[in-house]
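What follows is a set of notes on a single structure, which appears directly below.
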Amino acid sequence: MAVAASASEKKTGEEAEGEQKAAADDQQKVSFYKLFSFADRLDVVLMTAGIIAAIANGMSQPLMMLIFGKLVNSFGSSTRSNVIDEISGLIIIYEMVSLNFLYLAIGTGIAAFLQVACWMVTGERQAIRIRGLYLRTILRQDIAFFDTETTTGEVIGRMSGDTILIQDAMGEKVGKFIQLVSTFFGGFVIAFVKGWLLSLVLLSCIPAIVITVGILATVMSKMSSSGQLAYAEAANVVEQTVGAIRTGRREQLKYNIKLDIAYKSSIQQGLLSGLGLGIALLIIFGTYGLAIWYGSKLIIEKDYNGGDVINVIFAIMTSGMSLGQASPCLNAFASGQAAAYKMFETIQRKPKIDAYDDSGIVLEDIRGEIELKDVHFRYPARPDVQIFSGFSLHVPSGKTAALVGQSGSGKSTVISLLERFYDPDSGEVLIDGVDLKKLKLKFIREKIGLENIYYGKENASEEEIRTAIELANAAKFIDKLPKGLDTLAGEHGTQLSATSALDSESERVVQEALERVMEYRTTVVVAHRLTTIRDADIIAVVQQGKLVEQGTHVELIKDPEGAYTQLVRLQEGANEMKNTRDSDIEKANTSLDLGKSMRQSSSLKQSLRRSLSRGSSSSGRFLTHSFGLPGPINIPDIDGNYDQESSIKKDVGTGGPLKVSIKRLAYLNKPELPVLLLGSIAAIANGLVFPAFGLSISSCIEMFFKPPSELKKDSRVWSLLFLGIGVVGLVASTAQNFLFGVAGGKLIQRIRSMSFEKVVHQEISWFDNAANSSGAIGARLSTDASTIKGLVGDSLALVAQNITTLVAALIIAFASNWILAFIVLAVSPILVLQGIIKKNFLEEGHRNVPKEMRRPREPRVRLGLVSGAGFGFSFFALYCINALVFYIGAVLEKHGKATFGEVFKVFFALTIAAMGVSQTSTMAPDINKAKDSATSIFSILDGKPKIDSSSDEGTTLPTIKGDIEFEHVSFKYPTRPDIQIFRDFCLSIPSGKTVALVGESGSGKSTAISLIEILRS
């Protein structure tokens, strides 16, 4: 009971520590300017040009207010005059104003183009650079970093998800934010010039907006960090499950728990976002109400006119709205800063053992003398477990030393220290009398023969590689592989299976190969099978981190109570002991179990993920001082090789993507249908807010030129009406963002969970495809599910809102003056056309982006230019239509077909309608990404595994006797259809009997086991 309680307390402490660390991570983010730490000179030029263009673009709206104020005064004066000459003079003014609108359209179009193009290009360039630096830094870290600070799943999640958030925070949204800030300050300058007293009164409302936005950004940052942490942990579960193919149900439960945490974070984010925007709308419309009332008072009591009041109101309004529009930018900045914290921390991390460090001693000649002197060591991941306490070992040059001992005794740790995967806490590891820490790491590792041939020597020639594989006796089986040395062996080499035993001839050949490799080299061997190391010059017995015996096999075997003798006795049995002793005295030939050494060869790959501290190797590693030859050789029994080119062609996400209907996507959200309906009602109410504002403000413009008595009375009514519009905006915006946040969050959670469940029940051959590796699957679940939310969740809300805005605005326009509305509507397709052109170009650019992103040196320059052109054209078209509206309005008024009040109502209505259309067109890139992501996700969901472990179909036997029979079995691996593994294979295994499968490598032994386990069919 005491032990159990202690373990429980320990576990609770670890969980608490993990929670504290997670909470600390939630509150940490980099400063905004540090996001641009990796910009080069070209990026600085692009950002400078982008800043200037964004400021110019932002000033366009305040400048439009000046033109607009002049128009208001012109219309107002015409209502007070019945002189025909006055109207003729106004026509000239209107023409000049229209020409000013045209000039403004040209300048704004150019500025908007440069703003978006420069920031998109530089954001993409810097994001690619950050992604590359992060990967390079990850690859240079010491093993301890992977033991204690990160996992492969987290790395994948950050590279696929966090870099997108960082790019979003340093790309076009920066230009948009600068544009909005420029509009904010420009509006206030114009407001104070035109009416400082009214501006001061309205200015008192701005701190409330700033405080609201500031609190919102802070809270959103914490919510975003919490969500990203949960998704990173979920990505780690995916990597562990797919990489190690663990028990599906348990990992599915863990994955769903992480998704639930992220879901709760997302709905909190939606609620806070909607509430913040709603409060901003309430303050803005409340400010309008105050402005209408106080502006009317100033017109009556002070020397103000309607144009000045409108200038001040619209300038302050534009400034206030720019703050409200900055909320998504601030949200993106907060998310990017939080995402950048861990990535930048990793990039700036200097490992204690740096594989890229060029400093250190380079020995002219290495004799190969190895010595561990008084070494004390603990693994960083297990600081409470002492591995070595004063461990010492000396291996003379050219000798072979074998380390033997039970699992966990420290044998593999010796190899890790020699390879300098870790440094001892104290003591020294010496090569030719020089401390390993003082030697150039890259140089010494080039002298180590271990695993992959090419990794052992950079820039190795084909002749050198060929010589190495021939020395290792691996050339024969490598030449038989489909692509030779270029054949993909699968994630963690899972498509290569170890040979469990060798016939005498194969054993002799392998032994000779190893002896050739070990000749004139200092060799350290770690093995459990003692028969493989009987000829070693030195056998060192390690127990509990200490060297207890040392000598040759003949010397050690003479002591019947010695530690080595006991190991031999345990392994070979008492009867074999005597024969072994006699045969060894006579210098009998040794044998080698290559199956053991094969497992060694994969352990280095595993160490990068799970660390050597988690279990000792059961096989040999060879430390040499010559050209980087491989250690133990993998003789494959290949379980199927993946043809990358053909697979890519077959992949639905790359070749001709299948179309996924929005209806099918919406069906995934069917359980949230009531929530979506309520959210749509809220979106409709939200869509009515700005048409109601346009109608109200145009009526107020006409009101400013009424007699003082009427002006005083009407101003109170309109002020209260504006406040009511603000209340509706608060309720509708909060409800819309929260409800669609719930629906969208559930959609992401459901898609991720369903996709992951489908993945864990796929047959083994599905994972042979490199497109279905743990990294690829993790990236697809991470990004695709989130992107799909934009198609069904956020976009649906925006579509409902904008359609309502468009319909309401058109009704107001036609009800006010159908002639002017028809004329303006006839040219409004220009706005629609720019949206379509922009959408089509973005679609083409987006289709090409994944191919370009596979080559990180090719930034999306073309997409940035096209997006900038579309953005610039939208502003150009908008201002041109403004010019046309007022010119046509002047002509209609001249002929008695319109009043200035009707002209303003049509103008505001169609301007608001254009805003809705332009907002919808900007959804094009998100919609296109969502369609591609939907295709990717449904390719997983629609995949029907040939062997489905989740299926309940099939016969269930009441009792199983255990008779196994193969009847005329023919089999080919799906990825190697040209190679016949079984042809009319028959085998009967009676119940209760033991049958041994023997044969050459590749004969089909492992395949038979896979068929029995129903891993293959």
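Count begins at 1; order follows the chain as displayed.
Cβ coordinates come from backbone N, Cα and C, glycine included.
Note: TrEMBL annotation is automatic and uncurated.
Copied over from TrEMBL:
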REGION    1-22  region 'Disordered'
COMPBIAS  8-22  compositional bias 'Basic and acidic residues'
TRANSMEM  44-68  transmembrane segment
DOMAIN    49-335  domain 'ABC transmembrane type-1'
TRANSMEM  101-121  transmembrane segment
TRANSMEM  174-193  transmembrane segment
TRANSMEM  199-219  transmembrane segment
TRANSMEM  271-294  transmembrane segment
TRANSMEM  309-334  transmembrane segment
DOMAIN    370-569  domain 'ABC transporter'
REGION    575-619  region 'Disordered'
COMPBIAS  578-587  compositional bias 'Basic and acidic residues'
COMPBIAS  597-606  compositional bias 'Low complexity'
TRANSMEM  673-697  transmembrane segment
DOMAIN    677-929  domain 'ABC transmembrane type-1'
TRANSMEM  717-744  transmembrane segment
TRANSMEM  818-837  transmembrane segment
TRANSMEM  863-892  transmembrane segment
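Within the same chain, the transmembrane segment (309-334) packs against the transmembrane segment (44-68): three or more Cβ pairs sit under 8 Å, each pair at least 6 residues apart. Comparison of 44-68, 101-121, 271-294, 717-744, 863-892 by number of C-beta pairs under 8 angstroms to the transmembrane segment (174-193) places 44-68 first.
The largest share of C-beta pairs under 8 angstroms with the transmembrane segment (717-744) comes from 271-294, of the ranges 44-68, 271-294, 863-892. For the transmembrane segment (44-68), the residues of the chain that approach it from at least six positions outside its boundaries are 36, 97, 100-101, 104, 107-108, 110-115, 118-119, 121-122, 125, 174-176, 178-184, 186-187, 189-190, 310-311, 314-315, 318, 322, 875, 879, 882, judged by C-beta separation under 8 angstroms.
Take the transmembrane segment (271-294) and the stretches 101-121, 673-697, 863-892: counting Cβ pairs under 8 Å, 673-697 has the most.
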